[in-house]
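The ATP binding site feature in Swiss-Prot is assigned to E34, N38, D80, M85, N93, 99-101, 120-125, T172, R372; the stated evidence is similarity to another entry. Residues or ranges marked as compositional bias 'Acidic residues' in Swiss-Prot: 673-691. If you look up Swiss-Prot, you'll see S219 marked as phosphoserine, on the strength of a large-scale study or a structure entry. Annotated region 'Disordered' per Swiss-Prot: 215-249, 673-700, in sequence order. Residues or ranges marked as motif 'TPR repeat-binding' by Swiss-Prot: 696-700.
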Amino acid sequence: MADAETFAFQAEINQLLSLIINTFYSNKEIFLRELISNSSDALDKIRFESLTDKSKLDGQPELFIRLVPDKSNKTLSIIDSGIGMTKADLVNNLGTIARSGTKEFMEALQAGADVSMIGQFGVGFYSAYLVAEKVVVTTKHNDDEQYVWESQAGGSFTVTRDVDGEPLGRGTKITLFLKDDQLEYLEERRLKDLVKKHSEFISYPIYLWTEKTTEKEISDDEDEDEPKKENEGEVEEVDEEKEKDGKKKKKIKEVSHEWELINKQKPIWLRKPEEITKEEYAAFYKSLTNDWEDHLAVKHFSVEGQLEFKAILFVPKRAPFDLFDTRKKLNNIKLYVRRVFIMDNCEELIPEYLSFVKGVVDSDDLPLNISRETLQQNKILKVIRKNLVKKCIEMFNEIAENKEDYTKFYEAFSKNLKLGIHEDSQNRGKIADLLRYHSTKSGDEMTSFKDYVTRMKEGQKDIFYITGESKKAVENSPFLERLKKRGYEVLYMVDAIDEYAVGQLKEYDGKKLVSATKEGLKLEDETEEEKKKREEKKKSFENLCKTIKEILGDKVEKVVVSDRIVDSPCCLVTGEYGWTANMERIMKAQALRDSSMSGYMSSKKTMEINPDNGIMEELRKRAEADKNDKSVKDLVMLLYETALLTSGFSLDEPNTFAARIHRMLKLGLSIDEDENVEEDGDMPELEEDAAEESKMEEVD
């Protein structure tokens, strides 16, 4: 062997290894599933490369996975003829570069998660140390020489050029030196059961090196004629039998070895759905996704006609840890062409919002040598995609029939559905049927648009909703006062993505979606008398509206008498086409935003005042007596700033607001302001205040 180079494990990988080695796990058997799954991935890669360049298979034309238990040396080897690894791959992939999932997996483990989740985090190789004290990886890639990686997980590993070892041709051989209490994994029966349990549906042949004992009878003469063989495979039976002719016969046991194919199942998607058991679907799902739990729902179908393909789609029980990690290639639907695996992160096959759906698609119509580039232009793929989306929505509707299952599904994937409303204009209406919201009338349950429509008041033309940070924040919002009083139901949209979704949805079942926080809210059930009364009130408050607008300047676009609030003195509404307060909050939180757009979209605020509120009535009287009264200006600023808060906006200058409150407290407590002039020295003058803040600060 050439000289060995020693490398230190990256810190996180080292921590992971010590967790795996020093913690007791009951289901250590998953190591085999993980290593076979890695072998299958390596075979996928070389098969895909060979579609465009046949010579890639020259080193080893056969594609296989082999398991070799060796009882005398207490080793189990997993051999594949996959793509293999170069020296750089060995160093990087097995030790010096931590994958994004390493840290997350450790956190999950420490939080009590099951070790069998390891494959989902991309660190399945290290599960070998659940059963092995030492691991040796021999590998040969077409572009490099054969190398050996070795480690006892003691903080470092060695990599050596393999000059003496048996040439692999191409591929990887992982040899596990089993711990003394893990020797069950050398038993043929145990290995067969494990492959059947976890890896039955791997699409490459998995062979086990098995031992066969046969009995053979030979006569004494034959025995003497043959030279004595040093054959450990022959065992002489003590039992001798005399034949009629007086010659003796001997029984000899012969031990031979052969490769036995263990996974004989044909691909599950080629079978009829009615022939497949729940358990088979569950086993296939687990081998496909590395999930340790069963799936929530499955859809198995075939499309026939001009285009033919078969598919199985699964919905997991929970969202993966990196569901919205845009840097990660989506490994959701595996694409096969005539049973040959082509690729598994094919973005053209399913839209991004359905990236949580797992499954396989097998088409007979696509060309075998299809590449990522030609996929984009492929018409067949567009038809497949359309069908997959349709079937996914059907599957979600089937889940919705069971309330408990749908609650689980909605908790995990509601954001995806809302993203679908935003992205998929063709299926917007169908996806809208799947949405659920809390409302002013739904209590602890969530309601659908469909159910909302059945409960609408007579003469109600619109669906009312309010957006905000949380259910608690919107429940007592001043915007809901009149709507609640008149018995209208209002949907609470409290997920950040709701803002984007409702911006695209606009209507449901011919009924417009109307925000309770934007101007233009019209309630149709007003009597003539109420209208008359409101007009009179508007007139009497006209001057106050002008005074408030003068004091606030550019902070608000206009000041009007409200017909949406009942108890609160005032509120701030946004323009019908501008951002809501909640949207403004969301946009402020985005680092990479267009600030010119922010200034334009967020500055259209209208102050609505409540003519029936005592504070407003008193303010009207004071303003009419003397509109330059200092207390009027102070009250208007204070009302504006509290309205910002109750309407869901944020304060640009919280210190000024606090100082204003303190001044009011002093007035209430009859403390003479002049005594504390110094203390209040920093308090800005109100007139300046208005001028200073008149330019609405951009949401920057």
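Easy rule for this one: first residue shown is 1, then count along the chain.
Any Cβ shown, glycine's included, is placed from N, Cα and C.
A map of Swiss-Prot features onto the structure.
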residue : record           : contacts (Cβ under 8 Å, 6+ apart)
E34     : ATP binding site : I118, G119, G124, F125, S127, A128, N290
D80     : ATP binding site : S39, S40, A42, L43, F64, I65, R66, G171, T172, K173, Y204
N93     : ATP binding site : M85, F125
G122    : ATP binding site : R99, S100, G101
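Counting other C-beta atoms within 10 Å of each candidate's C-beta, the binding-site residues Q120, T172 are led by T172. Minimal Cβ crowding within 10 Å, among the binding-site residues S100, G124, is found at S100. Per-residue pLDDT, averaged across the motif 'TPR repeat-binding' (696-700), gives 38. Classification of G124 (ATP binding site) by DSSP places it within a helix. For the recorded site, T172 (ATP binding site), the DSSP three-state label reads strand. In the three-state DSSP assignment, the secondary structure recorded for S100 (ATP binding site) is helix.
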